[in-house]
Amino acid sequence: MVKVRDLGLGFNSDEIVLFKYCSGSCHRARSNYDLTLGSLLRQQLITPAPQERVLSHPCCRPTRYEAVSFMDVQNTWQTVEKLSAAECSCIG
């Protein structure tokens, strides 16, 4: 449960909404690509640029989203599409 104004989307509302998110490990879903990339990174045969973030494993991400509706301080209903995770899966 989070305040709408804490979502960082610029809405001015005192409402509290349910924000569902994905988390968890995806190590069992690693592919040959992930295993090879991890090995090359450990051996420093691939060196990412300082601003790059290279992940050698799949990550848990939303595969389906839900919209969230709330009333702002002007008593106007607002709906934010694709805000809350409805389903999660290992992506990578």
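Using the three backbone atoms N, Cα and C, a Cβ is placed for every residue, glycine included.
Annotated in TrEMBL:
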type: DOMAIN; residues: 1-91; note: domain 'TGF-beta family profile'
Residues in the domain 'TGF-beta family profile' (1-91) per DSSP class, helix first, strand next, coil last, are 18 helix, 32 strand, 41 coil
Mean pLDDT, the domain 'TGF-beta family profile' (1-91)?
93
